[in-house]
Every structure is written in structure tokens, then in C-alpha cells.
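As C-alpha cells, the structure follows; a few thoughts come after it.
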């Protein structure tokens, strides 16, 4: 068990800079999720921690040791891959034992450690089987077993659930969470799935174009997204983003349709400033009044527990509304909706950063 | 009944036509097999008659009674009343040693060079790869005189090393292994790295077991390639003790000054066919086992 510190780490491929300086200290026993769209550099960052990619600049420190120039095997980490990467010709037992064998761990200890891991992962019955005789979920458990038996300083997960079907993914997600709670090993977990990130993480590092957009707990990232990118990436259905202008008094925001939305606190300094306005679909309700905007209902998705309404504002902007329960409107209806008080997110219109609350 | 060729239960006026369509491939195959198998059958039958019967020119199509005598003679005797021969047991051993050395040597060298080319980044990597590739274009016959000179100067005439080493380098096998190695997922290599396997361990613990089926298939091909070598053994062997069986058979067929011992030639030929057949049968089992067991 150990801390993992990433200090101003950079990665360049020739003139192309893939990681533009990331700083984060992962606490002992913490579960950090690296979240971002494909190509954002999250896997590259993880692979630099693992030692599978060279580090162009900065330092990676695991358990107080700078590991930049160490081989993966000397970094005291274990990694779980997306396609499991099990050795096809070895039994489940041998797959888990291989790393220990190479390190010269005595046989009886290998057996106890593998047996223990197999028990935790409920793989006891499969120890003599080959990976090809297992289902996807079982294979991924073997891959995790291979990591557990090593008792490493840190676990690295590279999209471990992406190859599984939706149901199995949910199940394995819970298993990983339980496992990490039980073992308390520092974990770095790469995913592009925000549900995985929200449910597993102690903290989330949201990445985009090789830059850390935001580092925070899942709720921080959801409730106070640091940029338009994070706002759009976290939450499903995604946050509505509209153009608005802070009114002359600094008391509210004027929407394109003329609706006036009151601000949580007055912003006299920002009077007449154009902003991007973020409203989560679940924070819109049907109501009248000054803050309300008329919308035309274009599509209604009834999901059972809640309903997603695709509406269009008079100026042509689309607006998503998520309502609890069964639909109360149909396509073609005219509704009047307003955001709940205090549920507005304000972003700078030019660079998309969140305005100070 | 719009399409009489579909469905096994089709009945009616088209049945006869259908049956012919079913039979046709079998007829073609049976005729093919007969054409290929007949010479071998003649050889087998010939090896069971005495030289005089074959010499008269009308060989019976049923086995005779001289089999034990012929095979025993061919196996261990070094002469008949007509000529001197190298006994099959010596030639067989020479051929087996040569073919095994060539097959094992080719596989060992090519799997190692393919490993280097496929998994390591070193200066001039592609230059070496292309150099290997270019040697594909040079058959043994093209470089046979310089090769002979080198082997002769090294004193390897009439040795097993001289028989096998010049034939060991193989661009084809290197290419085949390289292509196979390129299909091994990067993540498997990385998992092994994280598990702590260095290049040598990775090769022996993971790459070699995964290559089992490829090795088995290549072994069959290369053993037969080595077994059938003619020109090179003819050049580098002078003494009868080093003769290979393929050369032995051609030497047994005389120049016309004396009648040939066809019974012994036939028996030697049958014996010469056995090791390659055994290798095919034995390796086929392993080959299929490998196909069933391993999965990527």
C-alpha cells in the first residue's frame, strides 16, 4: 500500500504533446478514476505510471520512490487490462501464480495466496481450467486475481469492464468496489464510462486533450463542474448549455427567449457579461412566471422511473428535461419550464471555465 | 420443388439426378486417389517378389512371398551377387539425423530471429528483416558452389554438420513465425512485463507454448523438406557411410550395365517412405490437440 504521486507529468510523441502536465497525489488506499473521452490521454497516463510508456517530463512517485526509470516489474504495481490479457495456455491457477513464481515466492506461499484470492473472487472451482473455458466475467475476475495475489502497492485498471455486457458490467463494478474497500489498495482506474466513475471513485480526474479539467469527488464533479467540458461529460442525459447575458443589475441572467433567471447571489461586477448557462435536465420543472420559458415538446422518452422530454425553445435551441415518473405530456405539446432556484451553472462564454460561485 | 438441389429429403423425379450430383465428387476423388496410390501399390507389391519375377516384366498385382527376405536384405546387407549397396539401416539413420537437424535447426533459428524482429526495437531492425526476406529469393541451387567451397574448406565434407548446417537458415519459417507473433496482443506482452517476465522468460514461458501448433506444422513440412534433399547430400557425401536414403535409392538404379535388383529397390523405397509418414501421423495428433487446446 502506498501513495502514488504524479508530478507535472508530460508525454510527447515527437512534436505532438499528448499529456500536457498532470499533477495529482493519490492518497494511500484511495480509488482514483481517470475519466475522459477516447484520445484524452487517460490510458497513456496510466501506462506511464505502470512503466509501459516512457515519461517525457515530470515524475511519477510510488510509495515515496521516483519510478521514472524503473521497469514495470520493479514498480510494485499490478495491472488489469481491458481484454484480460490472460495467458491462454496456462490454467487459472498458473495465471495467478505466474508473477509470484517469477519473483521466487516459495511454493506453499504461492498456493495460500492464490487460494485466498480465489476465495475472495469465488474462483475456487475454476483453478484448473483454461481461460478459454471461462466466461468474460470470470476471465476478468482471474485478471483481478492475478493482480491481488501480488499484493502490490497500487492497482492499475485500464478499462477493465469495457469488454463485458451491460448486466455483467454492473455486477463487476460492484465487485470491484467491494474488493477495493476490503483490500484498501491504492487504485488508479481508467474509464470513459461516467457511471463507473461516479460509483467507484473516491476522486475523479476528468481529462480532456491531455489536460486535467477537474479533480474532485464524484459529487463535486457533478454539482460544481469546473468547465463546460466537465459539465457536458458528466451526467446523463447531458446538461443543457444555453447562451445568456447577466442583466444590468447583476441580479439575474437573461435567456435568449427573454426569460429572466434569478442568480443565487448578485453579480454586479459581471453586469452585461455574456455567459454560458448550464442547467441539468433534472433541475428543470414545469412552472410559470418570469423565469419560465415556453418549449415545444418534440420527443418523449418514457424510461419507467423517469421521463426525458426533448423540447425546443422559441429561438431554436433544444432543451432536455428529466421528470420523475411517467410522462405527463406528449409530442407537440407546449410547456412552460423553469430551472429550480439555485440550480444554475455559469461558465465563461469565451474559455468555458466556471465562474466563481 | 423449385430447386431440386437443396434439402436432403427431396423426393420425386429429380432424385436420380441428385444422387449423381452427390456421387460425382466421390467418383472424382476415388479416381484421383487411385492415380496417386497405384505407383505406391506397385512398389509395395514389387517389394514382395524376387528380382527374377520383376525382371521378366510382368509383375503380378498380388503380393508374393519374398517380402521378409527382401526387407531383411535391404535393411542390413551391403551387397548382392550383382552390386554393392549401403544397407538401409545406415542410410536411414543418416537421413533421419539430417532431416531432424534441418527441421529442428530451422525452427530454432527462425523462431529466435522472428522473436527479435517482432518484439524488439533495435537499430537497423528493418534492414535485417529485409535481408532475411531477400534470401527467400535465393534457392539452394543458386548458392550451391560457394556453399560447397565454404563447407569443403571447413572440413565438413562427409559430416552430419556439413549435411545439415548449410540448409538450416530459413527465411520462410522466420516470416511465418513473425506473422504469428504479430497476432499476439500487446497487452499479453505487457501483462508478462508487469508480472516480471524478462525477454528470456517471456520467450520460454509464453511465446514458445503459444507457438506449439505453428512449430508442429512447420516441423512436418521441414522434416519432409530435409528428408527429400537430393542435390546437396549428393555433393557433400563421398563415403558410403554417409549416404542418405534418397541418394542410396538413385545409386541402386544402375546405369544399364547390369540388371537392377528391383525387389531391393522397391523394399528400400517403401522403407524410405516410412519416417515421413510417421512424422505426419504423429504430428497431426499434436497439431489437432494444439488447435483444440489453445485459444487467443
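Glycine too: its Cβ is placed from the backbone N, Cα and C atoms.
Unlike curated entries, TrEMBL annotations are predicted automatically.
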Given ranges B:202-227, B:228-253, the stretch to which TrEMBL attaches the annotation transmembrane segment: B:202-227
Stated TrEMBL location of transmembrane segment, expressed as one of B:72-93, B:160-181: B:160-181
Distant-in-sequence neighbours of the transmembrane segment (B:160-181), which means Cβ under 8 A and at least six residues beyond its ends: 94, 97-98, 101-102, 105-107, 109-111, 113-115, 117-119, 129, 132-136, 140, 147, 150-151, 154, 207, 211, 214, 218, 222, 226, 229, 232-233, 236-237, 242, 244
Distant-in-sequence neighbours of the transmembrane segment (B:96-120), which means Cβ under 8 A and at least six residues beyond its ends: 128-129, 132, 160, 163-165, 167-170, 172-178, 180-182, 189, 199, 203, 207-208, 211, 215, 218-219, 222-227, 229, 233, 244, 275
